[in-house]
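A.B. asks: Sharing a structure here in structure tokens format.
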């Protein structure tokens, strides 16, 4: 039986519409609290404690209060971190030996969306069976704990400062960032009071943008999903590099001094090359079905095995664990370095890239010399919820035609989003015009069949 509420990255939707409503989120907090309280890891006679962090959406206040009430009703204590990047919640949950962490965020989505995602005590995303147990509790009546058994809530002192120090600890002690001018784009999101301090305290001349959240402007024309603002700022300020995070700061895009943008695929290659230089060998790395073919070829040329996971950082993580490897990434900017953090972290990933540049004495362009990405065209087609795109003969025919034309010189990938009713059509080809033409033909077939 499939999960009803949990997608690839927690529970997400439009605020005010199921399931992102205050009554549902209260019941979700209660259900999660009951599952935690019944865990074998909670000592008899003690009560679990969870950490709640959020991004800067106006709805975060409402959902935070609802979650807090639900946990308290289940007899679970709550610590409130306030605005905090998703990887910051994962780190603090592990560092403070808490029972779980919860993030209120819809990541790169606009302000009118929000979501809830959970981390286990070790800072990893919840396993499927735990999410299933929470969903099962949602069907049960809410039975409030007795007055002397209610959970308590308190603010976590200096949550931001604790996480800042963790981020800095992942940068080599022998290095500093003095002499570097960096533009840091925080997407008006959760890292707005954190990321600029990390890079400044390591010595960089920091020019922050996207650091004036008002509850409504998260990811709006700024951040990792809208890098044009960063490109302009890097050029205008004659900066050495630009670093763009998304709303919850688990994604990274980098811009060099010329305005060239580097995505997660390219940054993965840079980190693997750096690891080879320092450790002598990297057995393998993980990308996704969307990873550019040129990166796979380049890694294999370096003697590095490459595995493609399903799209979603949780699936990249699964493959890394299965193979015992450290480095993986998505083109969207989720980068995993498991010897540094248990989850994707935009700030930590940026520091790893900067350390690689320091060690090599090269620019990003120089480190990627010889890696020419195949042109890709990605079209997101919004569908009616529940539309049967897999059963459409017209969509299948369009895909077959494109694959036949690109045989041996490109790829076609069609997949449904795990967080919204969108079908992602991606075509990769040696010639950009071919990628665009085939992607648009398939997208037209999808629109005709599903809207």
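Keep in mind that glycine also has a Cβ here, set from the backbone N, Cα and C atoms.
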A.B. asks: Just to be sure I read the record right: 246, 248, 250 are listed as binding Mg(2+) in Swiss-Prot. Which of 107, 120, 392 is listed for the same site?
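C.D. replies: Candidate listed by Swiss-Prot for the same site: 107.
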A.B. asks: Take the Cβ of residue 246 (Mg(2+) binding site) and count every other Cβ within 10 Å, whichever protein chain it belongs to.
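C.D. replies: Residue 246 (Mg(2+) binding site) is surrounded by 34 other Cβ atoms within 10 Å.
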A.B. asks: Are there residues of the same chain, six or more positions away from residue 107 (Mg(2+) binding site), whose CB falls under 8 angstroms from its CB, and which are they?
C.D. replies: 9, 86, 115, 246, 247, 248, 250, 251
A.B. asks: Starting from the Mg(2+) site formed by 107, 246, 248, 250, give every other residue of that chain whose CB sits within 8 Å of the mean position of their CB atoms, in sequence order.
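C.D. replies: Going along the sequence, the neighbours appear as 55, 85, 86, 105, 108, 189, 190, 224, 245, 247, 249, 251, 346.
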